[in-house]
Amino acid sequence: MVPHLLLLCLLPLVRATEPHEGRADEQSAEAALAVPNASHFFSWNNYTFSDWQNFVGRRRYGAESQNPTVKALLIVAYSFIIVFSLFGNVLVCHVIFKNQRMHSATSLFIVNLAVADIMITLLNTPFTLVRFVNSTWIFGKGMCHVSRFAQYCSLHVSALTLTAIAVDRHQVIMHPLKPRISITKGVIYIAVIWTMATFFSLPHAICQKLFTFKYSEDIVRSLCLPDFPEPADLFWKYLDLATFILLYILPLLIISVAYARVAKKLWLCNMIGDVTTEQYFALRRKKKKTIKMLMLVVVLFALCWFPLNCYVLLLSSKVIRTNNALYFAFHWFAMSSTCYNPFIYCWLNENFRIELKALLSMCQRPPKPQEDRPPSPVPSFRVAWTEKNDGQRAPLANNLLPTSQLQSGKTDLSSVEPIVTMS
């Protein structure tokens, strides 16, 4: 809720700082960009006259920006994302790696999602903030490429990892008796995800160029802009269109279908055997909570990234012109998605909260001797989620379904539900 309120405050204030179309602004822009002796205002060391013409056509990209109030608001908004994203995602990785009971393929996917969020938080979000506040790129040519790569690669890794998690949960619920994905296969899937994300991100990273120009008599500025090969307009348009369809729309459709089927299965499944009224309503509450969590995953992923993806697609298609206020508001909103994933996938998980509390209690006080510790009333992960490291089900007699249930083809939701809430 807080990030959404910050976005509502951020957009009108930043929009108010956009340069007006008045005569004075037009004269200053033309004076800086269209004088006969253009070499006085532009670095010609590595560029051609066509580069200069393209740059002039995009001159509004680096408009003078922001009064002190808006700059302060931007710093607070982006700092909020950076702090919460780093804290939440690093904590997720630490808790999972620290606890042997949480080592599984699904946990690997969650860690992979956290790593992608950490990458974009460190390699893109701070640089975008500084660029907007200072109205110039100060990090050099190398980071111009790295920052763009981090943004696209993190987005693609997140989308593909969310898809892998959705498919994994779908298999668990729809086919509860089949073996889970092993850790070895999980590592292979993650390697494939990063390979695909790198392949689709490299064109965006390579086709970046650092333009340097003299903004005024005393100010020299640099801009990190896309610079695609000819025909540049078509290359840019179809690259963004392919990225939007293959790595946003398609994963979102797969996630939606998988979770819709899971939700239907959980909602229609009845607990097998005699149950009391209290047990029935408790099961119903668990069903609703699980369905809400699954739908929240889809909605947040779609909402956070749709504005920025749609804006970039329209911009590359020349349907709209560059607008700093919209771009940075949409960019901030997309970056805020890195704060939600730890809560959705881990902190809403009861078993993860138990592990987190145990970890925090160990940091606050020394552990008691082993013989003084009472047996834990909390069931182990392996009781509800019985799998070996090779993905095979452990032969626990207590977890085997009766023969009548196996022959009926029904799913005992009391054994399936804990798997959903932990994965």
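Any Cβ shown, glycine's included, is placed from N, Cα and C.
For 1-16, the entry in Swiss-Prot reads signal peptide, with the evidence type sequence analysis. Among the features that Swiss-Prot reports, topological domain 'Extracellular' is placed at 18-71, 130-145, 209-238, 316-327, with the record citing sequence analysis. If you look up Swiss-Prot, you'll see 72-92, 108-129, 146-167, 187-208, 239-260, 294-315, 328-348 marked as transmembrane segment. Look at Swiss-Prot and you will find 93-107, 168-186, 261-293, 349-423 tagged as topological domain 'Cytoplasmic', backed by sequence analysis. Residues or ranges marked as disulfide bond in Swiss-Prot (evidence: sequence analysis): CYS144-CYS224. Look at Swiss-Prot and you will find 402-423 tagged as region 'Disordered'.
Residues in the topological domain 'Extracellular' (130-145) partition by DSSP class (helix H, G, I; strand E, B; coil) as 11 helix, 0 strand, 5 coil. Remark: the transmembrane segment (294-315) contacts the transmembrane segment (146-167), by the rule of 3 or more CB pairs under 8 A. If you look at the transmembrane segment (108-129), the same-chain residues 6 or more away from its ends with a CB under 8 A from one of its CBs are 74-75, 78, 81-82, 85-86, 88-90, 92-93, 96-97, 139, 143, 146-147, 150-151, 153-155, 157-158, 161-162, 164-165, 168, 183, 186-187, 189-190, 193, 328, 331, 335, 337-338, 341-342, 345-346. Secondary structure of the topological domain 'Extracellular' (209-238), assigned with DSSP and counted as helix (H, G, I), strand (E, B) and coil, comes to 7 helix, 13 strand, 10 coil. Long-range contacts of the transmembrane segment (328-348) within the same chain, counting only residues at least 6 positions beyond its ends with a Cβ under 8 Å from a Cβ of the stretch, are 3, 6-7, 10-11, 14, 74, 77-78, 80-81, 84-85, 88-89, 91-92, 95, 110, 113-114, 117, 120-121, 124-125, 128, 132, 155, 158, 165, 293, 296-297, 300-301, 304-305, 307-308, 311, 356. Around CYS224 (disulfide bond), the same-chain residues at least 6 positions away in sequence with a Cβ under 8 Å from its Cβ are ARG131, TRP137, CYS144, SER147, ARG148, GLN208, LYS209, LEU210, PHE211. For the topological domain 'Extracellular' (316-327), the mean pLDDT of the prediction comes to 81.
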